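Asker: Below: one structure in structure tokens.
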Amino acid sequence: MATDIPGKDAPAALQTTCKNLMTNPQYWLIVPAAGIGKRMKSEVPKQYLTLSNRFILDITLSRLLDNADFSGCMVPLSPQDHWWPDTEAVKDDQIQTCTGGKERADSVLSALHALKEQASESDWVLVHDAARPCVHPDDLANLIDTLSGHPVGGLLASPVADTLKHAGDGQPPEVEATVDRSRLWRALTPQMFRFGALTRALEACLDAGHGVTDESSAMEFSGNMPVLVEGRPDNIKITVPSDLALAGFILSRL
């Protein structure tokens, strides 16, 4: 949906409306939840595992929706998903669902297409991992405040603290080099970009057969330079079984 400001001959009310779209964009949330999480070694997708008797997905959604003013939320789901009807989120009128895809980029693009009749080109969209329930409200607020006036957007990220080694191809692998970590960051979520720009970037990646693992990668592929907004390193993504207990501990202290 284009947001170009009409010329001086356009009705005053229309000019005002379009200017407001540019200066007061809405914020939309996308939480892809179509993955199966093979590394968790569980028959249940990781977003539907529980912490303190709540689905991880429910915890994630509540931490985001309770701490920022979103116009709406879209959750892409697997066509084979049969857990969603048992969530707390299913009762929330602010949350919509759509059919996700095989890869994260497919799911996010599906959500963007599902929202296109409600959102404007210049609106912001925040994409957050379903299995990342430990996002801190202060980080969420800082991300939005830092990027709200930026033309491109950016992402929460954490400077790399550990020494990094580049491995060779052998088995077991041997160290080929120690990597300079001074300019390396771990990409976290949410990642926040303009609605129209992110849609076009993901479409360009998929059309080119260029695989991306996050939204920032898609924006970079289109020639943009996303901003790194420092976030807490305990904003972990639950990926392997040991992460579940760690996430529970972190949440108990937030």
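These residue numbers are counts, starting from 1, taken along the chain as shown.
Using N, Cα and C of the backbone, Cβ positions are placed for all residues, glycine too.
Please treat TrEMBL annotations as automatic predictions, because they have not gone through curation.
Quick paste of what TrEMBL says about this protein:
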- R39: site 'Transition state stabilizer' (SITE)
- K46: site 'Transition state stabilizer' (SITE)
- R181: site 'Positions MEP for the nucleophilic attack' (SITE)
- K237: site 'Positions MEP for the nucleophilic attack' (SITE)
Asker: Counting other Cβ atoms within 10 Å of each Cβ, which of the recorded sites K46, R181, K237 scores lowest?
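Answerer: Counting other Cβ atoms within 10 Å of each of the recorded sites K46, R181, K237, the minimum falls on R181.
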Asker: Rounded to an integer, what is the Cα-Cα distance in Å between K46 (site 'Transition state stabilizer') and R181 (site 'Positions MEP for the nucleophilic attack')?
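Answerer: Just about 30 Å between their Cα atoms.
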